[in-house]
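Some notes on the structure that comes next.
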Amino acid sequence: MRAQPSKTESILSDLGAEDFIQRAVDISTDLRTEHSQSIETEDIPRIPDTLKAYCYKRGNIDLFPEPTISRGNSKLGYYMMDAASLLPVIALDVQENDNVLDMCSAPGGKMLAMLQYQHSGTLLCNDSSKSRLQRLTRTLHSYSNQTMIDKVTVHQDDGVTLNEPSFEKVLVDVPCTNDRHSALEDDNNMFKPGRMKKDFR
């Protein structure tokens with residue numbers, strides 16, 4: 001997912017990646033045109049031109065190279081995340097003046113996607129874990145310009161006791177067990193001794 005305008009798009013295109021957001025919009029538009037008289041369609045959530053997401057074409061299982069720091073702005077060029085993780089953000093249908101709460105925000109991929117909407121409202125990123133919020137803050141500063149950073153408020157609280165003003169949109173993507181990470185690495189492994197004492201109390 002593109003974090004900010006750069007040479008990233010041309011680099012990803014050279015790798016054989018394509019903008020699957022734009023492709024989905026094009027397919028939807030074609031279907032509406034072709035079947036406009038025969039089917040009823042629901043309103044499609046607003047997908048801004050500023051939201052960019054790339055993936056390899058079907059059948060290509062190559063790995064994306066690790067992002068590098070862009071010259072001139074000291075920011076990483078793109079953020080790697082599962083394509084399915086964009087769907088909750090698109091379904092949220094963020095509008096121009098919406099104030100948005102991202103309840104379980106860390107590590108920050110969906111936050112970056114919502115920032116690409118460039119809406120004028122606020123974005124409160126909450127998580128109950130201090131260590132996860134530290135990771136989110138690193139993500140925010142590694143990929144975002146100052147205008148985006150200023151739009152975000154980072155907050156640590158349990159969602160049950162969160163005492164904040166009302167929001168037009170709330171995203172709650174609760175943490176899962178991360179089974180595949182647990183099998184392959186220690187960093188995000190919920191079954192390592194330290195985390196088990198914390199998470200299974």
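Using N, Cα and C of the backbone, Cβ positions are placed for all residues, glycine too.
Per TrEMBL, the features are:
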type    : residues                                                                       : note
DOMAIN  : 1-201                                                                          : domain 'SAM-dependent MTase RsmB/NOP-type'
BINDING : CYS104, SER105, ALA106, PRO107, GLY108, GLY109, LYS110, ASP127, ASP157, ASP173 : S-adenosyl-L-methionine binding site
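With every protein chain in view, the residue among the binding-site residues CYS104, ALA106 whose Cβ has the most Cβ partners within 10 Å turns out to be ALA106. Annotation for the binding-site residues GLY108, LYS110, ASP157: lowest Cβ count within 10 Å of the residue's own Cβ, ASP157. Per-residue confidence over the domain 'SAM-dependent MTase RsmB/NOP-type' (1-201) averages 79 (mean pLDDT, predicted model). ASP157 (S-adenosyl-L-methionine binding site) falls within neither a helix nor a strand when secondary structure is assigned with DSSP, and so counts as coil. The maximal spread of the S-adenosyl-L-methionine binding site, taken as the longest Cα to Cα distance among CYS104, SER105, ALA106, PRO107, GLY108, GLY109, LYS110, ASP127, ASP157, ASP173, is 19 Å.
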